[in-house]
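Undergrad: These came from TrEMBL, pasted as-is:
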type     : residues : note
COMPBIAS : 7-28     : compositional bias 'Low complexity'
REGION   : 1-45     : region 'Disordered'
TRANSMEM : 53-71    : transmembrane segment
TRANSMEM : 107-125  : transmembrane segment
TRANSMEM : 137-157  : transmembrane segment
TRANSMEM : 163-183  : transmembrane segment
TRANSMEM : 190-214  : transmembrane segment
TRANSMEM : 234-253  : transmembrane segment
TRANSMEM : 281-306  : transmembrane segment
């Protein structure tokens, strides 16, 4: 057999090079759908901030609008432009008297009381770790009502109403602390004792109203249902100034409140006495709610609802890490 034929009949030679790699279906940096779903959107925080700013701007505009309506409307209707001029002391004497001496104190009282109740409600919800906590839960509203109605019974000057309401609120806080201190200010005990204090003081207020003469009973009922009638500038500056100081103190203590949010064990490990700090913050909430009640009477649901509305509008900011 021909050698050449033998060589050609042998096994086929193996290729010396590997097949070329197939081109990728997409760019090398492209993420899989699962990876893309776990990756946070880079523009989400910016969109959330823009949404919060827009909603807060709308809320501020509505506040200004409603303030103008409150200054313009009433038994005597005043044009909004005239009411604005009268607020700064210009225009007809009658308009200046109505706007500056009657309506402006009432509007400012409502704004200050609303701010005080909102801060008090937010503080109580964080202290109790309960989204339904409010001054009603710990008996502050009942205490403020008790103090104000008791002042009516004595026939003392109505200018002392803020002090009487504050005294009633502090009385409620004292009762709360007395019965809850042995449990080291436990949240559950605070809520249960607060509800009992609220019920007892409300019963005392109703008993006094029933035994009042008709005229005093009418005044007491008007106050206990909430009213801005008869608010004067001295009352606004007195109670409003105290509320401003208390609100400032709450913001300065925000670091301690954030530590309490971590739990009592963690707060103690960071060098904070959670029981004493909770008592001090509770007293601040009592002062805010009592002074707000002195301006407007016991207004329901403001302290409960406003913190939730603010969180809905502004969103939840990430907590800072302390320690």
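Heads up, the Cβ atoms here are built off N, Cα and C, so glycines get one too.
How buried are these features, and what lies next to them?
TA: Nonlocal intrachain contacts for the transmembrane segment (53-71), taken as residues 6+ away from its ends with a CB within less than 8 angstroms of a stretch CB, comprise 78, 80, 83-84, 87, 99, 103-104, 106-107, 110-111, 313-314.
Same-chain residues lying 6 or more positions outside the transmembrane segment (163-183) and placing a CB less than 8 Å from one of its CB atoms are 138-140, 142-148, 150-151, 156, 189-190, 193-194, 196-198, 201, 279, 282-283, 286-287, 289-291, 293-294.
Within the chain carrying the transmembrane segment (281-306), a Cβ under 8 angstroms from the stretch's Cβ atoms is held by residues 109-110, 112-114, 116-124, 127, 132-136, 138, 140-145, 147-148, 161-162, 164-166, 168-170, 172-173, 176-177, 185, 190, 223-228, 231, 235-236, 239-240, 242-243, 246-247, 249-250, 253, 256-257, 260, all 6 or more beyond its ends.
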Undergrad: Which one, 107-125, 137-157, 234-253, has the most C-beta pairs under 8 Å toward the transmembrane segment (190-214)?
TA: 137-157
